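These features come from TrEMBL:
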DISULFID  C80-C95  disulfide bond
TRANSMEM  226-253  transmembrane segment
TRANSMEM  287-304  transmembrane segment
TRANSMEM  324-346  transmembrane segment
TRANSMEM  387-407  transmembrane segment
DOMAIN    453-488  domain 'EF-hand'
BINDING   D466, D470, E477  Ca(2+) binding site
Amino acid sequence: MLRGAFVTSKLDGGDTFNDIAQSNGEDFWKALKGPICSRLYNIHITQFNITKSDYGYIYNENKILGVARLRQVRVKPNSCELHKEFAKRNYTQGCYAAYTTRNEDKDSFGDSSLNIFTSDAWNYASAERTKTSVHSGVVSNYGGGGFVQLFTRNTTTTMDILEELERNSWINRGTRAIFFDVIVYNPNINLFCHVRLLAEYPSSGGAIPSTSIQAVKLIRIFKKRLLFLFNLWNSIDLILLILSFLCILFELLNYLSTKKYLGELLKIENDYPNFDELFALKINSDFYLGVTLAITWFKIFKYLNINKTMLLLNKTISSCLNEIFAFTSVFLIIFLAYTQLGWILFGRYLTEWRSFRISIFTLFRMILGDFDLYAMRNIGEIIGPLFLFSYIYFVYFVLLNMFLAIINETYSRIESDPTLETLKIRKFSLNFYPFIPRKKSIDYETNLKTRGYTDDDIRKIVHKYDTNKDGTLDEQEQKTMKHDLAKGQMKIDENLTVSKVITLITYTLFTKHQNIQTVNDSTSNSRSLFVSIRLNPLTQIDDFDGNQHQSTTLPINDDEELIKSDIPLIVTSNFCENDTIELRLDQDAEYENENTN
């Protein structure tokens, strides 16, 4: 809306600020006296039946705070060195270099006797006096000082000021930038807005217009929230802690500065209300807040390690960091070389290459396929396409694919690592298992009946481990049963003359899908089947000899059956009638092996 008021509003001839500012200083005055003053003083205000007391509104809703301000930045005459041949022939009348803080002109200029309304505009004002920060333009970065002229609240007086400045050549060859600043406030949306129109006059001639419109909410309702403390377990937490303190600091400074200066600035009527300090504090506060929130989202990866895929990703990144950092140095050397080359070749012709910093972003855009081949080819029929294709080949096809190759090789190595399922994941599963919604603890009687066991057999099992004689196995009784199982034997009845015993041995390496190995036993000429199992916790699993995963050796005589899934619970039934061993893989599957001794 404000951009439309000051930038795209057209003059009688159909030109806008961007159009006329590109020609010369005379047309710049037309822009000031035309659409800009028209919006500032609402020249057509009478058609809206607004009284004189309502002057100072833009579009009837945006209140102008104080008055607008013009600020000029100049360079010293003869600030550049002419070639001696041109100096002898007096081809030029003085030399004015590009703007730098070193050659900035701070001397008064003009004839003071001719100035009635604009005596201050010809004298330099420092940045401390103007309270203005450094501004980054298209051509250069400009300091906060300069030659300042304030507008007034009266249309006629302001027009006289502009006429006098134009008549006495306030804008001349030494001018490098003209700033037009105005502050407005919209009470409907509670926003302050800083409008800055900039016309830069480079040493090569002409003018380059640009605009900066910043809207911030300085008056806010503050609420105290619960502060979360982070443990410094890694660098991300440390960075978050530092950024959080910075956010709090800037918010506090913003609040105190607004409370202290806002009332004074709102009372200013015949001077320019300088909001630069308030705007800078608010913009910095929003910047640190945004960075903090972005890093906080990355911290979610910390809590996704319980997932095997996310764990694989995290281990891959952490394992290949050293190689990536080492190769990054090679990438930066070639990338910065192309940046320097592109800046030198195209900087004077294309805005995308006008500075070294902007050239870096242009090369990153080229990686994404955003480039103007025709513009580069117009600069050089050979050098343009050659630069583009060589950059894409070396940087995109070679260097970037080297990064992918490093990550891919590390990913393959980590994925094939059998120790991927770390204790961290298993501990999480064990600790949180009681909180996962599931059915009631296993009813041994019901499950054993589904396996074909008689009531008498079931009573023997329950009776053996039911020490409190309540008819069920509680937590301690279940642990006792697991302990017997871990020691290598669990007999239903000590008086049984024949019983099969499942012997557990420590298995040092556990994988989710362990291949079955069949070996020959030279002593008994029987075959043994190694099956990898994991004990399923009903409440809590104790570590046996420091290992949470065990293996079992089962002698069998029948066909080899490949069991490639985990065995969460093993149940032994040693009955003389059938002489069988039952492995319960889950609640829906049974594996029975007949064994004749």
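Easy rule for this one: first residue shown is 1, then count along the chain.
A Cβ is built for glycine as well, from the same backbone N, Cα and C atoms used for every other residue.
TrEMBL: automatically predicted annotations, no manual curation.
It should be emphasised that the depicted structure is a prediction, and the values quoted were computed from it without experimental measurement.
According to DSSP, D466 (Ca(2+) binding site) sits in a coil region rather than a helix or strand.
Residues belonging to the domain 'EF-hand' (453-488) score a mean pLDDT of 66 in the model. Rounded to a whole number, the distance between the Cα atoms of D466 (Ca(2+) binding site) and C80 (disulfide bond) is 101 Å.
In the three-state DSSP scheme, C80 (disulfide bond) falls into the coil class. In this structure the alpha carbons, written CA, of E477 (Ca(2+) binding site) and C95 (disulfide bond) are 98 Å apart.
Rounded to a whole number, the distance between the Cα atoms of C95 (disulfide bond) and D466 (Ca(2+) binding site) is 104 Å. In the three-state DSSP reading, C95 (disulfide bond) counts as coil.
Sequence-distant contacts (6 or more apart, same chain, Cβ under 8 Å) of C95 (disulfide bond) comprise P77, N78, S79, C80, E81, L82. Residue density at C80 (disulfide bond): 14 other Cβ atoms are found within 10 A of its Cβ, drawing on all protein chains shown.
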